[in-house]
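Chemist: Below are the features listed in TrEMBL for this protein:
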type: BINDING; residues: His134, His138, His144; note: Zn(2+) binding site
Amino acid sequence: MGMALSAGAPPGGVEIVLDGADDAAWQTLLLPADPEACVREAILAALAGAGLGAAETEVSVTLADDATVRELNREWRGKDKPTNILSFPMVQLAPGERPGPLLGDLVLARETLEREAASERKSALDHFRHLLVHGTLHLTGFDHETDEEAERMEALEIEILRGLGIADPYAEADD
């Protein structure tokens, strides 16, 4: 995977540990953006949107490939296929509940992200940032198991992404 990089959170802030940012395939996919800066911006925006902007916590992010994510998905969720992002909260929180020192881990699958972005005709960078927001909201207790939960989570994602300059990912694309 490569060495882990710390995004260097200020004292009392959010620590973000990023693994895989030195992977050439990820760097190429996200050009011209700095993966570390994108990760930090998206996670902090998601935490602020969830009402946890001043949380003192740590989030670990791994930029992986489909094979790695498929293995984790099979092991932890019983689904033998890759997915775009996996969220592993340290503890199950209710939305708005303050996290402990370790919020959880996010693992992204590069090839799946790239395929989805192409099929949905959006930039890989915008899709990457959307998935980071989505995954971070899962770490903070949001889910989409019911229609009501999905509507609440999607509305919050849309609001957060708008603040990042990203269009509504749930809007129907024009053909």
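Cβ atoms are placed via backbone N, Cα and C, with glycine included.
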Chemist: Which chain neighbours of the Zn(2+) site, leaving out His134, His138, His144, have a Cβ atom within 8 Å of the mean position of the site's Cβ atoms?
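Modeler: For the Zn(2+) site, the extra neighbours are Ser87, Gly135, Leu137, Phe142, Asp143, Met153, Glu157.
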Chemist: Going by a 10 angstroms cut-off between Cβ atoms, which of the binding-site residues His134, His138 has the sparsest surroundings?
Modeler: His138
